[in-house]
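> Please find one structure pasted underneath; my questions will follow.
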DNA sequence: CACTATACATACGCTGTGTATGTCAGGAGG
DNA sequence: CCTCCTGACATACACAGCGTATGTATAGTG
């Protein structure tokens, strides 16, 4: 049944991203065939190629979608805090909690750099999450010539912390330990 | 010419790893066909499958090989320093320099987690490099309940620092900035 | 000096991506 | 109300690349 209405088409595109996110998270990028996504979405691969151009294109859309969700949570938490020091902490801890779902972590932190390339991945991350970290660090008094380097390294620390937590899921206290360790690093930076 | 001597066979296996490391680093795992590796090594894909079983198996061998090299550099540098505080710093900075080659960084930090899986990747890293970081942190007086979490986060920070440096290759001062930022984090940990 | 296991080469099937082409309906213009 | 065009898919096909099964010749072994 070709040519649905414009809203139906948008809904199809949205649904495909959602389904793809689930499958990519469960099996990893390489093990997911586009036919799996299409079939689960009630369409054929033709529809996927129509909307996203390629398998990588679909994955890019999934990545952007998830990053946007994480960034929204982060921004909300940081906005609720006041004072530069507290905003940094609130935002960082919120990021860690937001990104710590098995679904998100596998796609955003494991597959994305390899699939879309590290440079593009970092650019996307910089636009959605890392900007806020950078800004918070600047406000907290980090020396300008160390700002970029520290943003990158703290970002890496938090990403690894997220993977570490997910890997220990079920182990009680793991999440708290990660948050406390993160506080050690953050306090170091803000002096 | 089938069946060379045992040393010749070992040499073939060694050569294939070397060639594969170059190709994987240049194009990334997915874009490298086993036939490229085999042809460059003067054999056919049959030889590759004989020695390494699968494409993933070959990649695993490449990963282990590179990690071993990095770890050797790290251990040497740490051994030359004395005092727990200094060993931590020396080892960390040596790690950053050792891992900061475009070849190493792409394979070990971008593709490896996605290809062989994050858990296996972390296990390999834990055995080669992270053990030493963990040990140094323990000696430097890090609280036992934060030891694993901090090891992971600092490891993530250093890995991201390496990618950050390689991404800015040519930009003078980038490497120094990364090292100074790393010092900020390390000093925080050791109090 | 057979004989076996090793170190490959050759041949083939199969999965999955991408692309080219077809098809049918919604909506804008007359 | 009819037409035409374009968007939203479906269908069909070519091709690359992985894995596996099978063949083959030699280096070691008894």
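Cβ coordinates are placed from backbone N, Cα and C, and glycine is handled just like the others.
Annotations per TrEMBL:
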- B:10-70: domain 'HTH tetR-type' (DOMAIN)
- B:33-52: DNA-binding region (DNA_BIND)
> Please give the average pLDDT for the DNA-binding region (B:33-52) in this predicted model.
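Result for the DNA-binding region (B:33-52): average pLDDT 98.
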> Could you give me the DSSP helix, strand and coil counts for the domain 'HTH tetR-type' (B:10-70)?
49 helix, 0 strand, 12 coil
